[in-house]
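To keep things clear, I will list the structure first and then write my remarks on it.
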Amino acid sequence: MKKRLNIGLVGLGCVGSTVAKILQENQEIIKDRAGVEIKIKKAVVRDVKKHKGYAFEISDDLESVIEDKGIDIVVELMGGVEAPYLLAKKTLAKQKAFVTANKAMLAYHRYELEQIAKNTPIGFEASVCGGIPIIKALKDGLSANHILSFKGILNGTSNYILSQMFKNQASFKDALKDAQHLGYAELNPEFDIKGIDAAHKLLILASLAYGIDAKLEEILIEGIEKIEPDDMEFAKEFGYSIKLLGIAKKHQDCIELRVHPSMIKNECMLSKVDGVMNAISVIGDKVGETLYYGAGAGGEPTASAVISDIIEIARKKSSLMLGFETPQKLPLKPKEEIQCAYYARLLVSDEKGVFSQISAILAQNDISLNNVLQKEIPQSNKAKILFSTHTTNEKSMLNALKELENLQSVLDTPKMIRLEN
């Protein structure tokens, strides 16, 4: 049995450098838990001159970690999609274990990698929610269960912005600037605020929970950029919080996947998750509801998850990458058949008969109102009507909103948020 495992590390940014730091600082406990010594033999970076003072070789030759026979595990922390995918394919072709934190690459290529890998281990715990061990929970801890549903706060940036808007009455623009100033949001935050990052993670979790190969373009994805303080005020008034959720539900003949802002009751555990923290609620048919909470990003939480994969590979505890012997064939639920309650915000002319017009259109689409709030806009002839509905379907609600937008008394495109009970 080998007494030492050698790592080829691709990328020495925030996460990569923290992996190196933890492997050095915690080397004794890692050795005790892995059963072997784990050392970085070589790291590959774009600019060798910027990375000095390490006890291992620094190279700018990506092929060298693949071809080096002394390297047992390649750890990819470079970012991007196609270049990491090519690295993964070449690594697995050499029957070397591969560890990645790359959610975007896995969202597009997870099934191809599983087919290439065969019995060669692939670790990707760090790809979803950083320090939360949700991958292992779905693959191992909950493997005796049918996963009935899961929903979660999968993106820390959007959760921080929504928390600031809810607690401090900040505008979306100001909350985003604050997140960027603190380093929680990128200068180009599009993937975070538009729900794409959360959707990447949802697809990976859905593969583990249901064995399906869903594509990004097949699922409903909406971001948080259209949410305004008025929406937060309505939520507070009626006992809700607003969170960007990734949601999965198993129906008898299909799987429902969606990412969007959701109003959730304050009694719901996820409503208490604030700031940059992540959390996922999973319901199994035997275990019931379980909740997983923790830091979803950052150098140390993500590096911790990367090293947990390395230790698991060192223990030779390999298993099917996505947890299913054969791909499952359940289709995705069509977007227009989604059923939930809804909230909408309308800017209208402040005149008689407007609300009766709105009520009539909702009734014609078999939509019944639950709560209503009307706000006059001072020194204008305009008002805002905010309302929530009882459960209906997506097709009916979208049709009603389209008809409402065509009313002369409705002055702007209606805004909508789904309620997740």
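Just so you know, glycine gets a Cβ as well, placed from its N, Cα and C.
Note that this is a predicted model, so its numbers are computed, not measured.
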#### Entry: Co-listed NADP(+)-binding residue [Swiss-Prot; alongside V15, R46, K103, G183, E186] among G298, G353
G298
### Query
To the nearest whole angstrom, what is the C-alpha distance linking A34 (NAD(+) binding site) and V15 (NADP(+) binding site)?
21
### Query
Per 10 Å Cβ neighbour count, which of the binding-site residues A34, V44, V128 ranks highest?
V128
## Note on the structure
CB contacts under 8 angstroms to G298 (NADP(+) binding site), restricted to the same chain and 6+ apart in sequence, sorted by sequence, are C14, G130, G131, V276
### Which of R46, K103, K201, all recorded positions, has a Cβ with the fewest other Cβ atoms inside 10 Å
R46
### Residue, out of the binding-site residues G130, G183, whose Cβ gathers the largest set of other Cβ atoms within 10 Å
G130
### Cα-to-Cα gap, K201 (active site, proton donor) vs E186 (NADP(+) binding site), nearest whole Å
18
